[in-house]
Amino acid sequence: MKLSRRLFISSAAVTLAAPAYLRAGLAQSAPIVIGSMTPLTGGGGPYGPEKSDAHRAVVAQVNAQGGVMGREVQLISEDSETNPEAAVRAARKLIDADKVSAILGTWASSVSLGIMPLCQEANVLQVFSGSSDYLPDGDTKGLIFNLQPLNKAWAVALADLAVQRGFTEVAFAGPKNDFAASMGESFAASLEKLGGSIVGEPFYYNPGQASYRAEAEHLIRMNPPAIFVAGYVTDFVPVYRELIRGGFTGQIITLSFAVGPAFKEAVGDAANGILHGSPVPPIGKDSYETYLRLVGIEPSGQVQNSFGCMAYDEMNLCLLGMEAAKSTDSFAVADAIRKIANGPGERVTTFAEGKAMIEAGTAMNYDGASSSVDFQENGMLKSRDFALYEVKGGEDEIILTTTSDATQ
Amino acid sequence: MQLLLNAIASAAILAPAAIGFTLIFTLFRYTNFAVGALMTTGAFAAWGMNELGLPIWMGGVFAVVFGAGLLLASDRIVFEPLRGRSGGTLLLVSIALSVIIDNVIRFAFGTQIRAFDLPLRPPLTFAGLRFTPETLWVIGISILATLAVGALLAFTRLGRALRAVADNASLASIRGLPVPRIEAAGILLAGALFGLSGTLAGLDLAIEPNLSLALAIPVIAAAIVGGLGSPLGAALGAVIIGLAEELTVAFISAPYKGAVGFVVIALVLLIRPQGLLGRPVERK
Amino acid sequence: MDAYLVAILTTAAVYVILALALNIQFGLTGLMNFGVVGFYGVGAYTSGIMTETLGQPILLGMLAAIVVGGLAGGLVSLLSIRLSGDFLAIVTLGFAETMRLAFNNEDWLTRGPRGFLIMTRPVIDGLGRGATAWFILGVFVLAAIIVFVVLNRLAGSPFGRVLRAIREDDLVPATLGKNVLAYRLQAFVLGSAAMALAGSLYAHYVQTITPDNFTTQVAVLVWMSLIVGGAGNMKGAVVGALVVTAIYEGTRFLAPLMEFLTPTQVSALRFIIIGTLLIVVVRYRPEGLLPERIAPRSRPDPVPAAG
């Protein structure tokens with residue numbers, strides 16, 4: 001027992017001492033503390049780093065330009081592990097130990113929803129990208145903003161694009177996660193509204209397997225003219241390989257974030273002919289290119305960092321909201337974000353431009369790297385442009401666009 | 001028939017690792033959960049060489065050497081001081097090792113996916129069966145490896161020594177066999193097989209540091225189903241697991257595929273606790 | 001900071017119960033249950049379904065969790081009655097994975113990957129944020145103390161001694177006329193029921209549960225707790241759970257010292273440290289921080305299998 005008592009005291013001391021030291025450090029300069037929680041491990045691993053990089057880059061730039069309300073912004077990064085269990089613990093630390101004003105960057109809807117009760121209870125602002133139709137249900141205080149359109153909007157837009165392209169009979173496949181599961185249902189419904197239909201039942205598989213051959217074989221046997229595979233890059237690569245190696249010759253439709261540069265490098269020329277759609281990061285637009293250059297990427301006219309650009313907007317909105325509200329109080333910041341995002345006012349695309357507007361007392365309308373960023377009352381996007389691309393010669397070529405109204 | 005071919009193609013990837021796993025198990029009597037992480041390392045090793053411009057087969061050779069070295073190193077650092085500990089402790093330690101290896105890869109390479117420089121082509125058709133040259137290569141290499149290891153164990157002096165040490169190390173030592181060196185040879189062989197399987201897995205999957213669990217479970221399942229201690233059994237076990245998975249997706253429910261390996265293990269262990277081709281292992 | 005410590009201690013209390021539960025299965029009886037998270041998840045979902053779908057009070061939810069968890073434990077135990085050692089570990093791991101797949105795919109019951117929202121909380125209404133947190137901590141600590149007292153008493157009883165005897169060598173108690181299988185079954189059921197209780201508490205604490213809450217990672221942390229603390233010793237299980245939680249949480253605070261690394265690398269380094277610590281403890285302190293206090297011969301790390 002002696003040992004245990006000693007151990008108790010010393011471990012308690014370590015746990016207590018580390019943050020106390022940090023807290024003392026903060027008190028002198030009183031920076032604004034913001035939490036960045038991105039999926040650095042687990043299923044979201046391929047997408048998390050671009051989000052956390054975007055957060056860091058914006059904060060570094062803003063700090064170099066004098067900070068927010070003249071205060072330094074301190075960014076604390078935590079790994080959500082793409083797992084709500086781990087995310088809740090990380091959120092506890094951000095909220096209760098670091099005293100963050102906002103948590104940005106959560107990616108999986110299960111994580112955003114998982115930490116929502118904590119954030120609501122502590123009045124912490126959440127700005128994230130997620131597409132579960134259930135996301136608005138967890139917020140009763142008006143403290144969430146979502147840069148990604150919800151599932152229903154995706155399904156309407158993608159079904160529309162598929163039909164326009166002449167595919168009315170489409171099979172659906174996707175990993176059994178929140179995103180793809182709701183997508184399957186809504187996609188089937190949207191397709192039927194347009195006079196098309198789903199081939200067979202929506203087909204779900206389990207992500208994180210050693211082989212996807214059986215799944216591909218099942219789809220090939222259904223022999224549909226087109227398959228919409230709503231996967232992430234980690235499962236889409238093997239599924240696509242097995243479809244091609246299994247002799248599937250129909251059209252494959254997928255989501256743009258599954259066929260980014262890493263995918264094209266992985267499958268080479270075989271990527272040609274894939275149709276993919278997504279909410280458009282506005283390729284060629286100044287705000288998008290400013291973001292890409294900020295994180296050290298040369299714009300290629302292709303879909304790049306489709307999640308990173310949302311993280312860039314997350315941070316810009318949050319910091320602009322604080323600057324405009326002259327406060328870090330979440331309710332005031334949320335009100336300010338609504339005004340800044342929706343306008344009316346002069347177009348701004350960066351924190352520096354926005355800060356100048358605030359100083360001049362002019363109203364503004366933030367135009368983001370991921371979209372024009374206009375929110376509904378519940379913090380979800382009003383609408384977003386979707387595009388359908390075809391991969392040709394290893395490049396994305398835009399073929400159709402549509403605007404999905406998310407307010408219906 | 002197509003289902004059977006597909007099952008064999010999936011099994012071919014897992015079989016070498018399952019044999020390696022069974023080798024470690026018979027030598028040291030513990031479940032090395034790090035098999036998935038070692039395979040992932042193998043895939044990364046092969047990819048690294050491929051990225052430097054070497055052909056994939058040379059990458060594979062490097063992965064085999066690297067896998068052997070890594071397993072020997074991890075045995076020397078981690079497992080050797082723990083010889084004689086209970087299976088539970090060693091299983092837990094191997095899980096910890098797996099976490100370490102995964103995160104070393106993540107630390108070094110990040111989380112973005114990688115792939116071999118390998119053209120993706122539609123299949124050839126022969127007698128109504130669809131297959132690609134890659135599939136044939138994978139199956140061929142895997143069968144070759146299985147037979148080679150089987151022959152090594154059955155017919156060579158090293159093989160006989162390995163079996164003697166596995167049966168009873170102290171007796172083998174009394175009979176004058178250099179037990180530590182034989183054990184080292186077994187470890188190198190198992191590590192090489194992990195590296196090989198990892199390379200083969202990399203041909204199908206997106207290579208990323210998150211693969212370990214997905215790879216470890218079917219490999220361990222195959223080894224147990226086939227009967228620990230029997231290389232041919234491990235290969236057969238891999239085919240059975242592959243076939244059971246194919247059938248589940250085709251006729252039952254795709255999302256439950258992940259449970260198939262376990263159900264098969266439970267059934268086999270219920271009916272024949274020593275596995276299909278295994279001899280009863282005396283164990284606590 | 002106080003609020004953070006309260007939150008961490010609340011989570012730690014859940015892990016304490018899990019580690020105690022595993023201790024009766026593995027520490028005392030030697031049953032390698034790697035499916036901790038399966039029973040934990042069954043408890044969480046049972047309790048959630050009881051209070052949300054069926055509108056029952058929370059105490060009934062906990063009770064249902066304990067009953068269903070115990071039943072699941074009985075079933076798994078009967079199915080794997082002839083297995084021991086790492087075979088049992090693999091089968092129970094399979095049970096946990098199968099349960100996770102069921103949580104993920106039986107949407108009608110569990111709402112699948114969307115997550116199950118739980119509004120019922122183990123608190124009295126009208127408390128402020130801080131008071132609520134303290135109240136929940138109180139409830140959890142109380143639950144952990146009850147589990148500790150019950151299991152500790154059992155461990156010291158004749159029942160516990162038979163379990164230890166089975167762990168060392170099941171032939172001896174068998175020749176003494178003890179029904180080894182019945183004892184093993186009882187130990188397994190008892191532990192599984194306690195794990196389900198922990199799941200129930202956890203569910204009503206975090207309020208959203210998804211299949212991702214119940215991955216093997218949790219089981220690994222519980223195993224770490226037990227091995228680090230000292231298998232076979234109930235106090236060891238408690239200490240182990242607290243130490244492991246302290247390490248898991250404490251390593252978060254290393255991040256500001258490593259600004260030169262990317263967040264991905266910091267995260268990876270954290271796991272490398274945690275894994276290494278476990279191996280180091282196993283190597284240099286094999287009996288855990290608080291070794292079992294009986295004759296040195298009967299350590300929790302018994303005779304290796306023949307070989």
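Counting starts with 1 at the first residue shown.
Just so you know, glycine gets a Cβ as well, placed from its N, Cα and C.
Residues or ranges marked as transmembrane segment in TrEMBL: B:6-28 (among others).
Non-local neighbours of the transmembrane segment (B:56-78) in the same chain are 34, 38, 41-43, 45-50, 93, 97, 101, 116-118, 184, 187-196, 198-200, 203; each lies 6+ residues outside the stretch with a CB under 8 Å from one of its CB atoms. Annotation comment: TrEMBL describes B:56-78 (among others) as transmembrane segment.
Positions annotated as transmembrane segment by TrEMBL: B:90-115 (among others).
What TrEMBL lists as transmembrane segment is B:135-155 (among others). Distant neighbours of the transmembrane segment (B:135-155): 5, 8-9, 11-13, 15-16, 19, 23, 123, 162-163, 189, 193, 196, 200, 203, 231-232, 235; these residues of the same chain sit at least 6 beyond its ends, with a Cβ under 8 Å from one of its Cβ atoms.
Summarising the annotation, TrEMBL assigns transmembrane segment to B:184-203 (among others).
If you look up TrEMBL, you'll see B:215-244 (among others) marked as transmembrane segment.
The transmembrane segment annotation in TrEMBL covers B:256-275 (among others).
When Cβ-Cβ distances below 8 Å are used as the criterion, the transmembrane segment (B:90-115) is approached by residues 28, 30-34, 36-38, 40-41, 44, 47, 51, 74, 78-79, 82, 202, 206-210, 212, 216 of the same chain, each at least six residues removed from its ends. Taking Cβ pairs closer than 8 Å, the transmembrane segment (B:184-203) reaches residues 12-17, 19-21, 23-24, 27, 35, 38-47, 56, 59-60, 63-72, 75, 115-116, 118, 134, 138, 141-142, 145, 149, 152, 158, 162, 165-166, 211, 215, 219 in its own chain, all 6 or more past its ends.
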